Amino acid sequence: MGMSSLKLLKYVLFFFNFLFWVCGCCILGFGIHLLVQNTYGILFRNLPFLTLGNVLVIVGSIIMVVAFLGCMGSIKENKCLLMSFFVLLLLILLAEVTLAILLFVYEKKINTLVAEGLNDSIQHYHSDNSTRMAWDFIQSQLQCCGVNGSSDWISGPPSSCPSGADVQGCYKKGQAWFHSNFLYIGIVTICVCVIQVLGMSFALTLNCQIDKTSQALGL
């Protein structure tokens, strides 16, 4: 691999990381917007930090940091930054695999906790504005009512509940949505993992090539 190949690899790695950095900025900005507007509220009162805004801010920040290291490491041909980029990608990949395994192993327990969390939050619909906004959004988007049905609303279903006797509860409707989109979720997850592995491979290759070039130039 000559100098021309080194430059090509360097700019390819920089370009893709720059795109990811821009995506991270957009995700972070949207997350901050949701936090400021408090649009979707809190659905699980026992996990108040688990809101769409918080999740997007965390994900966007991580993407920006990792992509920044990749950009600077590639364009500056800095081995320390490249290895930091590689290690962070590896840790993220391991975390994703660990999370997938835990979700599979504890699927029933997680389902139980989700149902309990939903049943608890529905009791605070009229007393907590964030909880009310979250439930109104979920019910209007999924066209569902309550956790298991409209009977969950003791004082009567709110206006966000769709009318009709055969309306499903949001718990089953959410499960149905997840299962119907499982293939697409799996494809996106695999694509993300492949991109991460490619990024790690490019970083290692560029790092090794920098060593070879330095040795050839007697540096």
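Each residue's number is its place along the chain shown, starting with 1.
Cβ atoms are placed via backbone N, Cα and C, with glycine included.
Annotated topological domain 'Cytoplasmic' per Swiss-Prot: 2-11, 70-80, 207-219, in sequence order, evidence recorded as sequence analysis. The transmembrane segment annotation in Swiss-Prot covers 12-32, 55-69, 81-106, 182-206 and rests on sequence analysis. What Swiss-Prot lists as topological domain 'Extracellular' is 33-54, 107-181, and the listing cites sequence analysis. Under the heading N-linked glycosylation site, Swiss-Prot lists Asn119, Asn129, Asn148.
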How about the transmembrane segment (182-206) and the transmembrane segment (12-32): do they have 3 or more C-beta pairs under 8 A, pairs 6 or more apart in sequence?
yes
Its Cβ having more other Cβ atoms within 10 Å than any other among the glycosylation sites Asn129, Asn148, the winner is Asn148
Cα-Cα, Asn148 (N-linked glycosylation site) versus Asn119 (N-linked glycosylation site), nearest Å, comes out at 9
Which whole number is the mean pLDDT over the topological domain 'Extracellular' (107-181)?
88
Which sequence-distant residues neighbour the topological domain 'Cytoplasmic' (70-80)? Criterion: at least 6 residues beyond either end, Cβ under 8 Å.
10-11, 13-14, 16-18, 20-21, 199, 203, 206-207, 210-211
Using DSSP and three states only, what is Asn129 (N-linked glycosylation site)?
helix
As a test of the contact definition, list every same-chain residue at least 6 positions from Asn119 (N-linked glycosylation site) whose Cβ is closer than 8 Å to its Cβ.
Val147, Asp152
